[in-house]
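S.K.: Heads up, here are the entries from TrEMBL:
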ACT_SITE  H82  active site, proton donor
ACT_SITE  K182  active site
BINDING   N79, A80, G81, H82, T171, R185, Q265, T280, R344  IMP binding site
BINDING   G81  Mg(2+) binding site
BINDING   G81, H82, T83, R346, K372, L373, D374, G455, V456, G457  GTP binding site
BINDING   T340, T341, T342, G343, R344, P345, R346  substrate binding site
Amino acid sequence: MIHLNYAHTWACMSETSASDARSIFEYRVYFKSLSQSLSVRNVLSFFLVYFNLCTLSSTCCEVNLPGIIYLLRIQGGANAGHTIYNNEGQKFALHLVPSGILNEKAVCVVGNGVVIHLPGFFKEIDNLEAKGVNCTGRLLVSDRAHLLFNLHQEVDGLREVELAGQLIGTTKRGIGPCYASKAIRNGIRVGDLRHMDTFREKLDVLYRDAAARFKDFEYSAALVDAEMEKYYKYAERLEPYIVDTVDYVNNAYAEGKRILIEGGQATMLDIDFGTYPFVTSSNPSVGGICTGLGIAPNRLGDIVGVAKAYTSRVGSGPYPTELFGDEGEELRKAGFEWGTTTGRPRRCGWLDIVALNFACTINGFTAINLTKLDVLSGLAEVKLGVAYRTSSGESLRSFPSDLSILEQVEVEYETLEGWKEDITNVRSYNELPASAQRYVERIEELIGLPCQYIGVGPGRDALIVKQ
């Protein structure tokens with residue numbers, strides 16, 4: 001059985017900040033309690049329901065499950081980030097390397113659904129090893145994963161310039177252009193590094209395509225030759241990391257190994273189900289597990305969605321429950337809502353139940369892990385966006401795909417009494433203020449699922465397990 005966890009639907013676009021490191025450590029107690037009831041053969045995975053980056057892997061350094069843990073990254077690239085602090089207070093900023101690398105028991109796998117920028121990947125490894133984290137034999141890369149080149153990053157920037165006033169809000173890390181190369185079948189995979197005799201020809205095709213599309217893209221044989229010199233060295237260095245991860249992961253599953261799955265971004269940034277085109281370029285919803293790793297869907301079991309008690313987003317795109325002015329700034333400061341990858345401030349707002357219900361439908365959640373409830377402490381009242389209505393007053397049954405509709409919807413709110421108490425030291429649900437309990441229970445009523453785990457602070461043990 002594969003157990004899954006997903007997270008925020010309207011949350012940060014593409015990035016996880018230091019504030020999310022607090023959510024990361026909230027899962028320590030969760031994993032301890034969960035590990036007591038799971039069967040030997042388990043795959044746990046955490047993704048976001050909203051726009052936040054999945055915080056799964058960042059918990060891996062805190063997981064105390066018996067035996068070796070396998071941590072698998074399924075999609076995305078270096079447009080996502082985790083900021084993590086270990087027990088000694090050392091800070092780690094990771095973008096491609098799964099965060100479980102901080103747990104010496106963990107074997108980390110970068111799956112076929114990920115796009116890999118090798119200069120950045122090696123920089124992360126060097127930084128980790130400089131801080132005493134050994135990656136040798138503990139970090140593996142799929143031979144089917146696609147390589148992201150500097151030219152993809154350049155094309156990303158040129159594309160944003162071309163869009164002018166209609167920017168997507170990309171991090172300009174080349175993710176979209178690399179997935180585009182994959183889709184039109186002229187991409188270059190990690191396994192191609194084992195065939196350097198044909199590598200230059202394939203790389204030249206990428207350069208020529210970019211030059212044909214963008215007049216400001218510089219192309220010459222000399223530039224391709226210079227890039228090739230780098231990739232001869234990269235190929236040699238990456239070789240010990242390359243494996244057939246489909247075979248490797250399924251063998252680990254068959255042997256009853258404990259597996260955690262990491263995704264980047266979230267359901268509402270899914271290229272198929274998110275606020276297209278203001279989305280990422282892959283599938284950070286439940287289906288991405290199967291396509292990004294080669295794990296069969298009949299091995300998926302419980303799916304726990306991880307959602308903030310409010311919502312946030314970085315980048316462009318419609319955001320119905322967004323708060324402006326002092327209200328939005330107050331939430332941003334209380335939740336430390338700035339992204340790791342670019343440092344951009346997140347847009348903040350009330351919890352969007354319409355989007356959350358949509359994500360529950362897409363992913364089949366069986367429970368919710370509600371994080372950062374303490375951020376709402378001190379507010380006189382709290383609101384839930386419970387329905388969307390069109391300008392004509394029509395109530396929408398589901399989250400609309402048409403952004404022209406989404407941009408004009410009127411949100412129907414329910415207002416609940418807030419709470420002033422500091423809840424960061426609360427560890428029992430019954431000890432929460434009555435108003436905080438009512439807030440949680442109203443969310444449960446609206447989505448038809450239990451909020452089984454509740455994060456109440458930045459501490460490593462700041463988690464309530466609701467029975």
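A Cβ is built for glycine as well, from the same backbone N, Cα and C atoms used for every other residue.
Predicted, not measured: the structure shown is a model, and the values here were computed from it.
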S.K.: If one measures from the C-alpha of T83 (GTP binding site) to the C-alpha of R344 (IMP binding site), what distance in angstrom results, rounded to a whole number?
M.R.: 14
S.K.: Would you mind reading off the Cα separation of K372 (GTP binding site) from N79 (IMP binding site), to the nearest angstrom?
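M.R.: The Cα atom of K372 (GTP binding site) is 23 Å away from the Cα atom of N79 (IMP binding site).
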S.K.: Among residues G81, H82, T83, R346, K372, L373, D374, G455, V456, G457 annotated as binding GTP, what is the maximum Cα-Cα distance? Answer in Å.
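M.R.: Those residues reach a largest Cα separation of 23 Å.
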S.K.: The record lists N79, A80, G81, H82, T171, R185, Q265, T280, R344 as binding IMP. What's the largest Cα to Cα distance among them, in Å, rounded to a whole number?
M.R.: 33
S.K.: Starting from each candidate's C-beta and looking 10 angstroms out, tell me which of the recorded positions H82, K182, R344 has the most other C-beta atoms.
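M.R.: That would be H82, with the most Cβ atoms nearby.
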S.K.: If I restrict to non-local contacts, at least six residues apart, and a C-beta distance under 8 angstroms, what lies near D374 (GTP binding site) in its own chain?
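M.R.: Residues satisfying the criterion: D422, I423, T424, G455, V456, G457, A462.
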S.K.: Which is it, of G81, G343, P345: the one of these binding-site residues whose Cβ has the most other Cβ atoms within 10 Å?
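M.R.: Its Cβ has the most other Cβ atoms within 10 Å: G81.
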S.K.: Which one of the binding-site residues (N79, T83, Q265) has its C-beta surrounded by the most other C-beta atoms within 10 angstroms?
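M.R.: Top count of Cβ atoms within 10 Å goes to Q265.
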